[in-house]
Amino acid sequence: ARDVSPRSMGDAMNLHQLVELRAAFEQADVDGGGSLDVEEFIEAFGSVLGRNMTREKLALLFMKIDANSDGSVDWDEFINFVLLENKAAANAPDAGSSSFRFALPLPQGGNSDRSERHAHSGMVERLLVLPRGLDKCVSGSRDGTVRVWHTGSLAHLRTVRVSEAWVSGLAYFERSNRIAVSSIDRSLSFLDGSSLEPIGHLGGLEASPLCLSAWHKHGCDRLLVGDDVGAVSLYAAEGDTAAQSHLRVHRLQRDLRHDDWVTKVCYYDDLNALVSASLDGTVKIGDLERAARGCHQELVELERSGGASSNARKGVYSFDWSPTYRLLAASGVERLVSLWNPYTSSDRPLGTLAGHNASVSEVFYHHQQHLLISCSVDKVAKLWDLRMQRCLQTIHDDGVYRPEDRLSAFAFDEARSQLLTAATAPRAWPLVETAMRAATAGHDAPVIAALYNVNFAQVVSGDESGRVCVWDLSDGSLAFRFHAAHGAKMTCMSFDEAGRRLLTSGNDGVVRVWNFSNGQCLKALRSEASAESSSGHAEVSCLLFLLEGPYRHIVAGGWSRKVLVWKDTRSVPGGVPDDPDRELAGHAEDITAVSFGSPNLLATGGYDGVVLLWNLDSGVVRHSLAAPAAATPREDEARRVGQRAVWRLLFLGQRSQTLCACGADGWLRFWNPKDGEAVWEQHAGHEGEGLVALATDPANALLFTGDTAGCIKAWDVSRFVNVPRLDQSAAIVETYHWSAHESSVSSLEVMPRRSATGTGAGTGTSAAAAGAAPLLLSAGADACIKVWHVAEDGTPWLAATFGGPSGGHPPPWALHDPTQYRAAAPIVPQRAKAEVTTAGALEVPSRADAGDRPRDLVGGSSGEDPAALRAARLTSRGVMDVLTKQKAERAGGALAGGRRGAAGGIMHRLHVHDLGPVTPRTPRCNS
């Protein structure tokens with residue numbers, strides 16, 4: 001057996017191995033359920049993938065494939081993971097130009113007994129997908145029957161015989177819920193769309209009808225019929241929809257438009273024209289109203305063969321119209337897809353898509369995703385990017401069909417984003433969304449978050465441009481990356497409870513769920529605001545996955561001011577986005593933070609500083625928490641300019657579920673969520689910066705805060721107790737304050753040391769100490785992600801750095817080796833008090849000015865000597881000059897960021913000061 005590593009498995013897999021894997025899969029599936037658990041998976045694939053794949057590696061591979069965490073892997077999940085991990089499609093010349101790929105259905109080398117029992121006895125001539133919401137498709141066959149199938153499961157629903165001759169065409173009247181069926185015995189049949197009962201029949205036509213098209217206009221149903229002598233007929237179908245038996249059908253006109261069989265006919269309302277194609281090699285576009293009045297006029301005649309240079313016209317099989325691009329795509333005997341502008345009389349197409357090796361029998365537009373799908377008679381389908389006019393993927397159906405080994409009918413289900421093909425029964429080829437792979441490593445845009453995955457010992461980071469990077473923490477190497485996770489700015493990220501899936505969202509208001517190991521989008525979740533993203537109220541600012549008993553939920557909040565709750569259910573990849581199950585209204589301003597506390601308590605923070613505590617079961621607000629009133633008019637004025645926002649919420653489970661909050665005003669607040677009562681509040685002393693990041697260790701003994709200047713503080717909260725009206729000043733102790741990033745901190749997370757570095761790493765006392773101390777993961781708007789070793793005394797050491805502009809990162813590291821650590825530069829304590837403006841000018845406040853300020857912002861006491869105070873300012877003048885310049889630059893960037901940036905809002909003035917003793921204030925609670 002060939003040795004294959006999990007990372008390059010898709011690259012090393014060959015056809016022989018796929019056959020071996022399929023055989024091993026079927027052999028291990030002893031219960032015939034179609035899926036394997038982890039032990040069956042290891043037993044089935046261990047011998048095929050190679051001896052170098054240990055049980056641990058195979059178990060990790062199982063978890064990567066089983067992204068939905070249901071504990072089983074079926075063949076679909078496995079083979080799609082392999083193909084998508086192998087750059088999504090080996091046939092795509094430009095895998096970076098679109099984010100959709102065909103996924104493989106179950107192999108149909110031998111259909112199941114159930115499928116064979118309900119399949120047509122003759123080849124299917126037409127497939128018709130009914131409109132969104134009906135979840136049905138209809139097939140018409142040479143055996144004279146029409147069968148209805150469910151578009152999701154492809155389960156057979158109903159069969160009705162309409163003729164003893166071949167069924168040649170199908171059409172659906174959406175307004176009246178009727179189905180028109182044509183047969184080559186020169187007849188038309190009409191069926192009720194719900195019961196499939198016959199409601200009308202028209203026989204004795206002048207020629208055999210071959211294709212149909214239906215629509216509603218001027219109060220009655222219209223039907224176009226193309227026949228085998230080149231004529232197109234227009235019929236009107238009238239009758240009471242409640243009494244389907246009273247259907248009246250009469251012909252309005254018949255126009256001999258072509259010299260050979262009419263292969264397709266359709267009416268497009270935005271063109272106000274009918275389009276017909278024929279084996280005579282032409283596509284004709286005509287004015288329907290003129291034709292109805294007997295005035296024969298062709299607006300455009302397109303010669304599919306390419307104009308006067310061709311000696312013989314070659315037949316046209318199909319066409320489709322794109323109202324977005326205003327292009328008509330046509331295909332036929334030639335192995336090309338031609339793109340035409342119907343508003344000109346040019347005999348040359350605007351472009352051609354070449355690549356098929358046989359005649360192209362069908363062509364479809366996927367309007368929402370700017371794609372085109374072409375299907376040829378050799379059982380090959382191609383996916384094209386319309387904007388680049390390049391082939392993204394080629395798939396070949398290797399199934400063997402009877403009575404003829406070919407695919408005879410095709411349809412595209414845009415509602416479910418899947419291609420339907422049929423020989424004697426329909427088969428679905430879903431389009432799955434896979435984010436585009438990035439061209440360079442690392443991040444070039446501000447990183448919004450870095451998350452540690454304990455299952456795979458990896459760090460997953462994402463930036464505002466939508467790029468997602470997966471890093472191996474052991475050596476800092478880039479394991480995987482993809483970009484274009486969102487069509488708009490990405491704003492937040494989270495893992496599910498099992499760490500198998502990545503949740504992302506952006507200012508388009510759509511939440512996407514990813515298998516971050518291969519970049520496959522598993523599902524998309526939307527809200528009412530996301531459907532109207534142009535209104536500016538769609539952005540999702542915070543995201544959370546929570547487990548409540550047996551139920552799993554995805555919770556999001558943002559500019560809609562509603563808490564959106566989705567049930568985590570498995571859905572078809574690339575399907576229609578799911579709407580939220582619940583929308584909780586209560587915030588008067590934008591929601592900026594969310595956190596969950598067991599068993600069913602949800603906390604959400606707003607831009608106005610209000611924190612709401614919800615009962616997730618009932619959706620009722622239990623408590624409303626708010627910061628206290630400002631101590632002085634000056635501080636109240638500052639809070640009115642974007643300084644009230646709550647940027648982070650965190651439940652301290654080992655501290656009696658204390659809720660900790662931080663925000664733009666730089667204060668730490670602690671609440672008792674059970675009673676909705678304030679426990680403690682104090683200024684964090686981040687030198688005038690807002691707090692935008694918060695993290696704690698599993699024991700809740702350490703607390704870390706990050707600010708808008710890129711600085712981090714470590715706090716010892718091991719003695720904190722969740723008891724209101726108790727002096728906690730000695731229980732919340734600052735241990736270290738250091739500069740971590742060049743700009744705002746985006747996220748903080750404490751990682752379990754053992755899982756991050758492995759067991760048995762390092763030797764000696766230093767290594768043992770390093771193994772016991774926690775690791776802190778930080779990400780910043782400077783596009784860098786850093787790992788910090790925090791010693792027992794609270795001193796941080798820089799253990800690793802990755803990411804950064806242009807993908808630069810240092811050579812591989814060893815986290816278990818403390819000799820590679822670098823000491824963090826502390827923030828120099830300022831014993832002087834000074835005020836720095838955003839322009840960089842240094843102002844020395846007078847005692848009169850200082851006396852009006854609260855003690856926690858100025859420091860000192862009324863008994864201090866003014867001369868001694870001024871001397872202290874002057875001795876630290878050199879240090880303050882540097883800080884003045886740095887803060888002025890940072891302030892300019894923060895002001896440019898606007899109101900809602902992660903930097904905590906607009907900052908008019910920055911302070912450099914010694915906080916001195918902290919005077920606690922009591923928050924208020926509105927239950």
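Just so it is clear, glycine is given a Cβ too, placed from its N, Cα and C backbone atoms.
Predicted automatically and left uncurated, TrEMBL annotations should be read as such.
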Self-check item: Of 93-123, 837-867, the range TrEMBL labels region 'Disordered'
Solution: 837-867
Quiz item: To what whole number does the mean pLDDT across the repeat 'WD' (353-394) round?
Solution: 89
Quiz item: By Cβ distance under 8 Å, which residues at least 6 away from the ends of the repeat 'WD' (138-159) in the same chain are close to it?
Solution: 114, 118, 120-130, 165-170, 172, 179, 181, 183, 191, 196, 409, 413, 415-416, 418, 420, 422, 424-428, 572
Quiz item: Using DSSP, what's the helix, strand and coil tally for the repeat 'WD' (138-159)?
Solution: 0 helix, 14 strand, 8 coil
